[in-house]
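What TrEMBL records for 1-19 is signal peptide. Annotation comment: TrEMBL describes 42-339 as domain 'Plant heme peroxidase family profile'. Under the heading site 'Transition state stabilizer', TrEMBL lists ARG79. Per TrEMBL, active site, proton acceptor is recorded for HIS83. Per TrEMBL, the feature Ca(2+) 1 binding site maps to ASP84, VAL87, GLY89, ASP91, SER93, GLU105. Taken from TrEMBL, the feature substrate binding site covers PRO180. What TrEMBL lists as heme b binding site is HIS210. TrEMBL lists THR211, ASP262, ASP270 with the feature Ca(2+) 2 binding site.
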Amino acid sequence: MARLNLAIISLVFLGTVLGSRGQYEYDDDNVVAISENSTLYGLSEDFYRHACPQVYSIVRAGVEAAIKIQQRNAASLLRLFFHDCFVQGCDASLLLDDAPFFIGEKTAAANNQSARGFEFIDVIKASVEEACPLTVSCADILAIVARDAVVLSGGPNWEVALGRRDSLTASRAASDHFIPDPTYDLPQLLSSFQAMGLGAEDLVSLVGAHTMGFSRCTSFEQRIYNQSGTHHPDLNIEPGFLKQLHDRCPPHGDPNTLQPLDWESPASFDNGYYKNLVSQSAVLHSDGTLYSEAIAGFAGIRELVEKFAEDEQAFFASFARSIVRMGNLRPLIGDKGEIGHCDLLNCLLPRSPSSRNLVYYIHGIRVPANSSQRPFPNGYGEVFRNKITESYEYDSRQIGVYQGSYPTVRDGSVVSLRGTISLATSDGVRARFNVRGPYDFSQLTSIMPISGTLGGRSFLGIQNATVLFAYGRNGVVKGQAKICV
Ligand code: HEM
């Protein structure tokens, strides 16, 4: 209760203090400065200093409003940043709804009926758009929101580096692959963080976010009834706490019943989570394993948990450093991606949809003979002709979705394409686009800016003219092209 009061007081206090400051300066002594690394990735705190200086205060107000509706929203909003950054980097791909050419991340195992708070991001984005149209990315909004959710819950502050752009694609499969599962043991957790270039201390400090928010019974049922197929609970749960969990989540009970991740103070960002780990009162197996498995030879991890349980400031400083590092994961910068609409790609924004059925053909991409890259084992050039299977028309903008296959393009190739793409609609409208590489197939998609004419009209003023090629895993290449004109 004392911790709860403290959280409420610090919330009011922080609101007052920060509200009286400039939009840009959080000159707390405790603010963690942006690391050199962020700058290396092309991000900086004053990215919107001229274009949208209000962004910080607009986001802060939006997070405050969300927390006023329900304190848990702070936890849910913080989690969104993690689930975004671990899948193709911090590019707001998490926010994209399914599109004709990809299945998005919202229905991935870790997010389905679990990730929440999207509606607040939409509201914040709308307010930011009103103040500074087409300027601030959704990816940057997620980064500021995460910081504000922590600060407003009594946690540490840090400078948020900005300049990310939004993804043009998303992947449910990648989310399923990269977001760690609550059944993971310590080695699995470590390798999932290592895959992101994050280390053991990043793991231990970032997962301290579980000092806020809730878990559904379904996420830890296995642990309390049938750990590793033994038909027994995990032996590393303190018996009194195990009883609490059994009471909360009886066999065949509602899998969506909620259990606080930090039973004593789920509303405040403090070091209560680590105290729980030390007293073997962790909710998720992936949490408990940081303390229990550490005994079996993972030097340093158990000590770190104990240190954070004793020294809240040490946890705060480490968390702030690690979340800045997480925020640097593969940002899209420069002319990559777009300043998006969060849930919908700009080029899919509907304007009076019509039913005219266009059929496009794409053919004629060639790899130049002098190219050093050989994506096509059969030779440098390959002509293909494939049919776009679905297409849409929104006003004057036409969108074709192409589902073909390029069985010979190797995974991860950088392809130097040069040639033309020709499009023809069923009613005879033809277009030719010039294409020039190199295009990096090591990303899930390769973006090719195209220009040309369609039906005699040039593409002047067209905002999104891109062709995307996605490849699959295991060398199987799935062609996917999107034309937004
Ligand atoms: C280390 C691996 C991690 C695993 C296995 C994991 C797993 C989970 C699970 C299973 C839940 C409950 C979801 C549900 O039942 O609906 C949860 C909740 C949560 N996670 Fe994690 N998580 C991890 C790391 C992180 C990190 C790094 C952060 C943030 C920096 C984070 C933030 C949260 C928050 C705040 C909640 C509560 C959300 C709410 O109440 O809406 N988690 N996590």
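Glycine is treated like the rest: Cβ placed from N, Cα and C.
Caution: TrEMBL annotation is automatic and unverified by curators.
From a predicted model like this one, the values you see are computed outputs, not experimental measurements.
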Out of the binding-site residues GLY89, PRO180, HIS210, ASP262, ASP270, give me the one sitting nearest to ARG79 (site 'Transition state stabilizer') by CA distance.
HIS210
Run through the Cβ atoms and count how many others sit within 10 Å of the one on VAL87 (Ca(2+) 1 binding site).
29
Specify the nearest of the recorded positions HIS83, VAL87, ASP91 to ASP262 (Ca(2+) 2 binding site), where nearness means the distance between Cα atoms.
HIS83
Using a Cβ cut-off of under 6 Å to any atom of ligand 1, determine which of the recorded positions ARG79, PRO180, ASP262 qualify.
ARG79, PRO180
Smallest Cα-Cα separation from ASP84 (Ca(2+) 1 binding site) among the binding-site residues PRO180, HIS210, THR211, ASP270 is shown by PRO180
Could you round the CA separation between HIS210 (heme b binding site) and HIS83 (active site, proton acceptor) to a whole angstrom and send it over?
14
Can you figure out which of HIS83, PRO180, THR211, ASP270 (the recorded positions) comes closest in space to GLU105 (Ca(2+) 1 binding site), comparing Cα atoms?
HIS83
Cβ within 8 Å of the mean position of the Cβ atoms of ASP84, VAL87, GLY89, ASP91, SER93, GLU105: remaining residues of the chain near Ca(2+) 1
HIS83, CYS85, PHE86, GLN88, CYS90, ALA92, LEU94, SER167, ALA170, ALA174, SER175
